[in-house]
């Protein structure tokens with residue numbers, strides 16, 4: 001038995017047969033070409049095919065694993081369309097006279113090396129995504145429709161020196177039981193996807209695997225971080241027993257929850273969602289978070305009373321050209337129509353920090369989480385902001401639309417944002433374009449500054465929505481993307497909870513509603529405390545609404 005101790009990044013334990021996956025680039029020889037025009041055409045064709053594949057992967061992942069996991073492939077599409085990446089590949093073909101395959105591999109290596117030298121762990125980890133995108137392009141150039149698949153077994157432990165999100169999704173389902181990667185961290189996109197799919201995963205940094213492990217029996221312990229190749233019969237028996245017990249328990253829980261949830265979904269298809277209230281009659285509004293029209297459909301099926309957070313930046317990701325006002329209006333109107341009379345809260349563009357869009361030029365910053373992002377970016381790009389606000393106002397005639405401004409720190413920022421909104425409305429009126437004359441306006445409370453002066457801010461808006469992810473990060477001075485300090489990023493920290501309670505108190509005193517749209521909104525261990533504090537709305541992933549509804553109805 002050969003044993004490794006790694007980092008557990010997705011919990012669970014599994015045993016199966018190893019399938020070793022080699023990266024396309026690792027077997028890519030340096031090839032020269034005389035016909036650079038032909039190679040350039042091949043590259044462009046492959047890029048277009050890769051973009052189409054990533055669109056399908058996004059839709060597939062959205063169905064199977066939810067928005068957070070699906071967003072990974074939007075980011076991949078954005079990388080695919082990055083003008084700098086394309087320029088490097090094209091230059092390697094036209095000037096160095098390399099084949100398209102070799103050019104893609106070398107450009108990806110350069111990009112990954114630059115990311116690794118950035119000084120930021122989070123940015124360095126995006127090198128794995130560059131590798132994933134490069135593997136996809138090279139595979140298409142070689143005429144392969146898919147990567148090599150395992151044969152003769154449905155119980156696979158996928159092993160690779162760097163497991164990419166695409167590889168993970170390719171083997172997801174019944175045949176993929178666990179992941180072992182020789183590179184990565186808990187914040188890598190592969191780890192995020194593994195957790196979304198419920199697949200045990202361990203990262204064994206510094207170990208180089210090869211095809212000699214193919215076909216071996218392997219145990220992956222996503223709790224302790226242990227990886228065991230060719231385990232003895234006693235070890236294997238213990239794992240099989242643990243697997244069976246865990247599977248039976250999970251199956252029973254899933255079956256019960258699915259039956260109950262499915263009954264609700266059937267009702268929601270034909271009836272409006274019922275009110276959710278505690279046993280004493282305190283009503284709590286349940287909204288859903290969304291980033292696409294598919295998410296809106298899922299929200300309706302799961303009985304959401306509206307969309308509490310529509311992440312509008314997804315209309316900008318994966319593009320090299322800004323969306324037009326007409327395009328944005330069409331998306332917002334389509335969503336509003338699907339929701340009918342339900343509330344539809346559109347958060348204005350929140351680009352920056354860990355989210356970059358190729359269509360919006362941004363300078364590299366030493367600390368992007370504290371730099372030009374969200375509303376600051378919009379103020380720096382007035383036309384960008386105005387275009388979106390016009391689309392929001394135009395969608396307002398279609399449904400119950402509200403607008404929400406992110407990353408607020410001061411009263412002056414609210415005044416400035418509302419001036420933009422007022423000016424956009426005035427222009428639409430002068431142009432005789434149908435639009436909402438009055439639209440509800442809210443803000444995200446996601447900085448300690450906003451929480452502390454929420455009594456002042458409450459007088460200027462119609463509602464608060466607390467973004468607990470960033471509020472936790474900024475309150476505790478912890479980079480939530482840094483795996484090395486993950487233990488300090490505690491959303492249950494008393495300081496975070498007190499800021500939430502303070503914000504809810506100030507909202508109540510000024511007669512506006514206050515909700516939570518961050519991950520804590522779906523944390524049923526805190527639901528009762530939030531309700532007691534005065535939180536009257538919770539917005540979460542559509543899949544979390546059933547558990548939230550059940551929890552609220554059980555409270556006194």
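Please read every residue number as a count from 1 along the shown chain.
Keep in mind that glycine also has a Cβ here, set from the backbone N, Cα and C atoms.
Matching 227-246, 247-266, 267-286 against TrEMBL, the residues noted as region 'Disordered' span 247-266.
Annotated range for coiled coil in TrEMBL, selecting from 9-36, 37-64: 37-64. Cα to Cα, residue 347 (phosphoenolpyruvate binding site) and residue 517 (active site, proton donor) are separated by 11 Å. According to its DSSP assignment, residue 446 (Mg(2+) binding site) is coil. Here the domain 'Phosphotransferase system enzyme I N-terminal' (5-126) is broken down by DSSP into helix, strand and coil counts: 82 helix, 15 strand, 25 coil.
Residues within less than 8 Å, Cβ to Cβ, of residue 470 (phosphoenolpyruvate binding site) and separated from it by at least 6 positions along the same chain comprise 407, 446, 447, 518. Residues near residue 311 (phosphoenolpyruvate binding site) in space but far in sequence (CB under 8 A, at least 6 apart, same chain), listed by position: 289, 290, 291, 347, 350.
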